[in-house]
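A.B. asks: Relevant sequence annotations retrieved from Swiss-Prot are reproduced here:
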- 20-271: domain 'Protein kinase' (DOMAIN)
- THR25: phosphothreonine (MOD_RES)
- LEU26, GLY27, LYS28, GLY29, ASN30, PHE31, ALA32, VAL33, VAL34, LYS49: ATP binding site (BINDING)
- LYS53: N6-acetyllysine (MOD_RES)
- THR175: phosphothreonine (MOD_RES)
- SER534: phosphoserine (MOD_RES)
- 564-586: region 'Disordered' (REGION)
- SER587: phosphoserine (MOD_RES)
- 630-674: region 'Disordered' (REGION)
- 648-659: compositional bias 'Low complexity' (COMPBIAS)
- 742-756: compositional bias 'Low complexity' (COMPBIAS)
- 742-776: region 'Disordered' (REGION)
- 765-774: compositional bias 'Polar residues' (COMPBIAS)
- 800-895: region 'Disordered' (REGION)
- 808-820: compositional bias 'Low complexity' (COMPBIAS)
- 821-833: compositional bias 'Pro residues' (COMPBIAS)
Amino acid sequence: MVMADGPRHLQRGPVRVGFYDIEGTLGKGNFAVVKLGRHRITKTEVAIKIIDKSQLDAVNLEKIYREVQIMKMLDHPHIIKLYQVMETKSMLYLVTEYAKNGEIFDYLANHGRLNESEARRKFWQILSAVDYCHGRKIVHRDLKAENLLLDNNMNIKIADFSFGNFFKSGELLATWRGSPPYAAPEVFEGQQYEGPQLDIWSMGVVLYVLVCGALPFDGPTLPILRQRVLEGRFRIPYFMSEDCEHLIRRMLVLDPSKRLTIAQIKEHKWMLIEVPVQRPVLYPQEQENEPSIGEFNEQVLRLMHSLGIDQQKTIESLQNKSYNHFAAIYFLLVERLKSHRSSFPVEQRLDGRQRRPSAIAEQTVAKAQTVGLPVTMHSPNMRLLRSALLPQASNVEAFSFPASGCQAETAFMEEECVDTPKVNGCLLDPVPPVLVRKGCQSLPSNMMETSIDEGLETEGEAEEDPAHAFEAFQSTRSGQRRHTLSEVTNQLVVMPGAGKIFSMNDSPSLDSVDSEYDMGSVQRDLNFLEDNPSLKDIMLANQPSPRKTSPFISLRPTNPAMQALSSQKREVHNRSPVSFREGRRASDTSLTQGIVAFRQHLQNLARTKGILELNKVQLLYEQIGPEADPNLAPAAPQLQDHASSCPQEEVSQQQESVSTLPASVHPQLSPRQSLETQYLQHRLQKPSLLSKAQNTCQLYCKEPPRSLEQQLQEHRLQQKRLFLQKQSQLQAYFNQMQIAESSYPQPSQQLPLPRQETPPPSQQAPPFSLTQPLSPVLEPSSEQMQYSPFLSQYQEMQLQPLPSTSSPRAAPLPTQLQQQQPPPPPPPPPPRQPGAAPAPLQFSYQTCELPSAAPPAPDYPTPCQYPVDGAQQSDLTGPDCPRSPGLQEAPSSYDPLALSELPGLFDCEMLDAVDPQHNGYVLAN
């Protein structure tokens with residue numbers, strides 16, 4: 001049986017599973033599919049997870065049954081409720097609660113981060129649900145934004161207990177599973193762990209995601225992500241309060257024993273700022289022992305009895321926890337009653353156990369059945385009717401299974417495969433009237449959002465295509481159901497003939513600087529409606545002022561921080577308001593002014609898949625070895641790999657112009673490295689990522705291939721290092737030259753001589769000495785340069801003497817110094833006797849006798865840059881300065897010293913980095 005191609009108002013979906021009409025597909029997986037169903041009796045929407053047991057092995061089948069066992073034990077307002085379990089020979093049907101507003105992942109991707117007040121309310125709900133699970137010795141092990149759903153009142157519902165397990169206090173678990181960005185470090189290391197501590201870490205990541213709109217630990221590959229998690233360092237944005245930062249840091253502790261417990265989290269200062277009101281229990285929670293008849297909701301039992309459902313069988317089903325049709329109808333009716341009562345203020349609610357049975361309520365229920373009025377138990381303050389847009393609803397392929405499951409496909413479509421009891425009546429569709437409430441509080445808790453891929457557990461690899469969703473929307477425009485795609489607020493836009501209502505938001509918070517995105521629940525379905533000209537014409541025609549055009553068409557509230565930007569840039573930043581640019585925290589030591597802190601927006605990331613045996617990457621690390629991991633290499637080779645295409649000037653230019661770049665240009669920032677280092681790495685990260693994409697084994701620690709340019713840089717760097725270790729002859733030559741040039745003796749200066757000499761007490765020390773080895777920038781070249789002998793600004797140089805020779809004019813330099821290859825070590829100079837006259841020196845210029853009363857040397861405050869050739873000019877980063885007058889008035893008897901292969905001296909240090917425009921070095925004065 002397949003779905004008919006006729007209009008939906010002629011045939012309401014012929015596909016049925018038990019009492020449920022299948023209305024659409026929420027998600028698909030390899031062995032399961034999640035369908036949107038509606039109960040024929042209660043008219044309640046449910047999510048039906050249909051599992052093909054024939055495609056599962058024993059291990060996965062056991063995991064499915066354990067998930068069912070766990071969900072049967074859980075009954076919490078912030079956990080997805082299990083209504084019914086139906087099983088045939090080859091199929092398993094899990095009927096669960098349906099969260100209309102989808103994943104909080106999608107909400108954050110569309111609306112950006114939450115303010116701390118809203119994040120605190122959400123986190124209290126998550127904390128209460130996890131505490132409830134831990135109290136029943138159940139650990140979730142896969143808490144993430146994709147598994148946190150939002151109901152019609154924007155309350156949290158935890159879903160997907162497929163990775164859940166039971167634990168005992170003091171006993172460790174040994175199975176490693178979870179989602180990598182949310183997994184604790186002990187899971188990556190393959191250690192045994194305690195279940196509650198694992199959930200505490202995941203909740204810390206979730207809280208960070210709620211407040212920041214980005215992941216604290218992220219990486220392009222699993223090994224990089226693993227390394228960042230094991231380091232445990234993450235970035236704290238400027239807008240995060242100190243109390244929130246303290247709480248997150250105490251939860252994301254590498255040592256599991258030092259993490260906060262749930263009781264400590266509840267008592268934390270940040271959590272106590274706003275404590276939620278404890279709502280009374282609408283119906284009693286099932287205890288471990290069998291409940292008595294009086295503990296069930298008598299009002300629901302009477303309503304079921306009026307529908308012709310045997311009350312005794314219902315009670316037996318509830319006591320036996322059979323989760324059959326009787327229990328499902330009971331649970332669904334209880335949920336409708338809860339939805340009805342939740343519309344009233346908390347102070348006016350009473351516990352069901354404290355109330356006497358109301359005859360007026362019973363008469364109201366009876367009138368609802370006799371007169372035929374709908375029993376409207378939905379919240380009257382609902383500001384939005386959920387859209388009935390069902391993606392893939394009219395396609396036959398929406399019910400497709402794997403090729404081997406074709407027989408099972410027809411099995412779950414036949415109603416006869418599931419036994420259903422006979423029911424005399426049913427409730428009518430709970431469609432409340434459209435309410436235009438001007439006094440509603442503009443809070444996300446009153447808002448709803450229609451999502452294309454809403455659902456319980458989206459197991460498909462890809463999301464729904466917006467183009468397909470638009471086709472589905474166009475195909476359902478003629479249906480009889482009302483589609484409300486936006487908030488029902490002050491101004492309505494009615495599409496004639498279609499029965500659909502669009503709304504224009506007239507909230508002043510769109511223009512308020514203090515707005516924290518309270519109005520940020522605009523439907524994602526309208527993203528593809530922007531291309532519909534008829535919709536735009538209708539909306540523009542119904543608007544009294546053009547001021548409302550921009551917020552509605554752009555579908556994003558105005559970011560107050562981006563008021564000064566142009567409309568194009570404002571649209572980019574409003575999509576995810578975590579693109580903060582100013583205001584630094586003292587605890588965030590790695591932030592640099594002018595660099596945007598986050599670029600890994602949730603809207604740019606794919607959903608995180610849960611992974612079994614997450615510690616396999618640890619085994620690969622042990623097999624391959626740490627040398628294959630580029631992140632484990634020392635800092636110098638890492639920068640050699642990543643920094644060869646980014647000069648230092650370009651970094652400064654990028655920092656100056658970063659505020660004018662669009663959001664997509666900035667690199668993703670590592671929480672563990674300085675921004676300059678990260679920027680240098682990002683320049684070569686793109687080609688390495690392309691190579692990783694071509695080779696799938698790059699995912700596991702394999703080093704990306706180096707280019708020839710990178711290998712040449714490393715080779716040249718190694719040659720330079722060897723050359724610097726063997727330049728004693730060059731230092732000796734400079735030492736001899738400085739001794740001969742002591743033409744401006746200063747009696748007040750007594751500077752040390754080179755270590756090789758032991759001068760007599762009467763000998764005057766030369767005013768120049770080299771106290772540190774030559775700069776690594778020195779490298780022989782094939783050209784000559786002019787060298788000025790005035791070096792009075794370098795008064796701390798210490799040079800070594802050359803071997804004595806009898807020639808007054810020597811050859812310029814030994815030939816081995818003119819070669820690129822490292823020279824052999826020179827012979828040591830002969831020792832000098834104390835008191836002996838200094839040997840004749842080798843100079844390439846004539847010596848001269850100086851007058852006895854020489855004027856003192858002029859003071860040179862700043863070093864001057866000597867004229868060099870083009871190749872060496874790039875090596876010099878000292879500032880240019882004009883030659884001082886004292887140099888211009890020097891005696892003309894000095895010939896300029898022409899040294900081959902000799903660049904200028906610099907009192908500088910070399911940063912251990914590679915720069916192609918500076919011949920492989922980045923110099924700092």
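Cβ atoms here come from the backbone N, Cα and C positions, even for glycine.
In terms of burial and nearby residues, how do these features look in this structure?
C.D. replies: There are 23 other CB atoms within 10 A of the CB of THR25 (phosphothreonine), with all protein chains counted.
The Cβ of ALA32 (ATP binding site) has 21 neighbouring Cβ atoms from other residues within 10 Å, across all protein chains displayed.
DSSP assigns LYS53 (N6-acetyllysine) to a helix in the three-state reduction.
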A.B. asks: Please state whether DSSP places ASN30 (ATP binding site) in a helix, a strand or coil.
C.D. replies: coil
A.B. asks: With Cβ-Cβ distance below 8 Å and at least 6 positions apart along the chain, what are the contacts of LYS53 (N6-acetyllysine)? List them in sequence order.
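C.D. replies: Those within reach of LYS53 (N6-acetyllysine), by Cβ under 8 Å and sequence separation of 6 or more, are LEU61, ILE64, SER90, MET91, LEU92.
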A.B. asks: Expressed to the nearest Å, what is the distance separating ASN30 (ATP binding site) and THR175 (phosphothreonine) at their Cα atoms?
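C.D. replies: Each residue's Cα considered, ASN30 (ATP binding site) and THR175 (phosphothreonine) end up 23 Å apart.
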A.B. asks: Per 10 Å Cβ neighbour count, which of the binding-site residues LEU26, VAL34 ranks highest?
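C.D. replies: It comes out as LEU26.
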A.B. asks: Quick one: what's DSSP say for THR175 (phosphothreonine), helix, strand or coil?
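C.D. replies: Where THR175 (phosphothreonine) sits, the three-state DSSP reduction gives coil.
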A.B. asks: Which number gives the other C-beta atoms within 10 angstroms of the C-beta of THR175 (phosphothreonine), all protein chains shown included?
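C.D. replies: Its Cβ shell of radius 10 Å holds 15 other Cβ atoms.
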